[in-house]
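What TrEMBL records for this protein:
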COMPBIAS  B:325-335  compositional bias 'Acidic residues'
DOMAIN    B:116-306  domain 'ABC transmembrane type-1'
REGION    B:322-343  region 'Disordered'
TRANSMEM  B:54-73  transmembrane segment
TRANSMEM  B:115-139  transmembrane segment
TRANSMEM  B:151-171  transmembrane segment
TRANSMEM  B:177-195  transmembrane segment
TRANSMEM  B:244-265  transmembrane segment
TRANSMEM  B:285-306  transmembrane segment
Amino acid sequence: MNNYFIKRTGRAVLTLWVTVTLTFGLIRAIPGGPLEMLRARLVRQGVDPTRIDAIIQSRQEESQPIYVEYYEYMSSLLSGNLGESFYFREPVSSIITDALPWTVFVMVTATIILFAIAIVWGAIIAYKEGSTFDTVSSGLSILMSSVPFYVLGILFVVVLSYRFGIFPARYRTSPGVTASLSIQFVGNALYHAALPIASIVITQVGLQTLAMRGNSIQVLGEDFVRVARLRGLSDRRIAVRYVGRNAILPMYTGFLTLIGFNLGGSVILEEIFTYTGIGYYMFEALINRDYALMMGIFLVITTALVLSVYIADLTYGLVDPRVKSGDSSEAY
Amino acid sequence: MKHTESETGTEEEFSFGAAQSEVEVSTADRLRDIYREFIYKPGLVAWEDNRTRIGASILAVYVFIGTVGTWFYRAPTTNQSERSLQPFQTWEAPLGTTSSGEDVLAMAIHATPEMLIMILSGGIFATVLAVLIGTVAGYKGGTTDRVLTTFSDVAMSIPGLPLIMVLAVVISPERATVIGILITINYWAGLARSIRSQVLTIREHSYVEASRTMGVSTPRIIFKDVIPNIMPYVLVNFANAARYVVFASVGLYYLGILPTSVANWGIQLNNAYSRAGALSGGGTMYQLVVPMIAIMFLALGLILLAQGMDRVFNPRVRTRLAGESESETEDDEDAAAPTEVMT
């Protein structure tokens, strides 16, 4: 176990290091570069050419050997300095601290809701396998999975927000609502997050339901369930203790991974709902070629994903006692 | 898959027995064997399932539209018909026109070939890479395994969509093939991991061991003994990868991150959403709905295909009425550890 823990931690650190190096390389690979973009912007603003040259000169740093730049990049990252956003003229870290909680709130809520639905629904379908209910539910699950979340999101905005005005189409809260732990604030935040959450839940619940159905069917066929029946245990006890437990456990890692995965999808989702989380800022950064912000958010999303998979891997042994050491976690 | 001959017993023996045999199997024979083993047999088994049948039919319609359809239906240009025409008004533009007089149906049809190319290139790239890395890692074990597994773990932990977006901005790809590969730039990793765990069980099988003792070379064992066994599983995941390519590419086109020189349903969505005033309720919903339906049915076809085949090949999803499925899977009694691949 200890050995596995060290190895797994090493791998997480390695992944983060690769990503950081990748972003470092990407920033240098981007044609133009920040100074060129600055020049273009100043030209658009009609600034006098000699002044532009002076500004560029003053911003120009001595070109250093690549390893020195790399070292400085790494050390500033480690001290939490992600640079300054070119477009918003704010430190990248302060933009991220402002936006990240909202994205995490939407994605975690959505993932919890969709897993709750998938587990109950999938278990019921499995129990009634072969019935009309099974056919209809499985068909519906597949049908829902064939809609990309952003397509449903666009439909929601067009129909529910603009046509009928039931839900707000933009922003995290209504103007004037300040962040506090009041009922008004929480309610307002939920109201604004309802459509983004719904579009994730509806389009992703299908595949998880089918996975749960598959797990449950497999468990139902196991000998220990038959033995439990023969022992005359109550249906409830069999359903919860024997089938439910064994069918849900394999979905545990999927749950944490999906949260991380959805954080990556936030760019499209938040752009559609004009929800100012990290995805929204990443899109703005991409459009404005704001490389510092773009790479900062990319790093944050990667870190979140690496951490969630890391936690999933390390805790899987705790929730599922059958997995003794981590290496056998892939043997199920 | 270079030299994958058939895996039937007689031929196996034959090619081993006479290592440099004079009686070469002709290319036609070999192709016929490959067809029988990897397409006809799994196809026949999968065809039993309604989902596979419907999925394959839907995909066939798309292929038809993307190949023949584009020849018969005019390409979209501005002002080819009256502007802002509602659907079902004239035969000239059955699904209406945009505010610049472009035929909406023509736009949808002419986006299909590029999408199919993207799916193919992305799907092939992801599955071939995953099969190579997964089988070698699983079969060889040891240091090779450790290096390859770490490599795919790292690739897997980098979030796909943001990475693709950043790369799309950096290299701004124009060709559909390049876009397909870009989208699956790290998608292969998850698939490689699950293929590896399948191979781990296959390598212990007696016939693999037999080949090993006979001194058959590793590449030959991998191609002849291991890969045929995971082929059905690979086909299922090809369909899943294809769906991922559809979703990701349309999303990126919708955001305008990919170059808009190519026709795509995502661009159509974006135009309908931001320019045509579908928001203000100006009666332009049809411009949104047409590309949405195009995306949905393609994804539906791919999911149905994957699910239908998965039911046959994946024991976890197989029905507990064992009798029903056993007869169907004569060539796959060892479909190994089931693993779900995240979408």
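Start at 1 and count along the chain as shown; that gives each residue its number.
For all residues, glycine too, the Cβ spot is worked out from N, Cα and C.
Just so you know, TrEMBL annotations are computer predictions that nobody has curated.
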Contact set, same chain, for the transmembrane segment (B:244-265): CB under 8 Å, 6 or more residues outside the stretch: 76, 107-108, 110-111, 114-115, 118-119, 122-123, 160-161, 164-165, 168-169, 172-174, 176, 179-180, 183-184, 187, 273, 291-292, 294-295, 298-299, 302, 343
Feature contact check the transmembrane segment (B:151-171) with the transmembrane segment (B:54-73), CB under 8 Å, 3 or more pairs: no
Spatial neighbours of the transmembrane segment (B:151-171) far in sequence, C-beta under 8 Å, 6+ residues away: 133-134, 137, 182-183, 185-190, 192-193, 248, 251-252, 255, 257-258
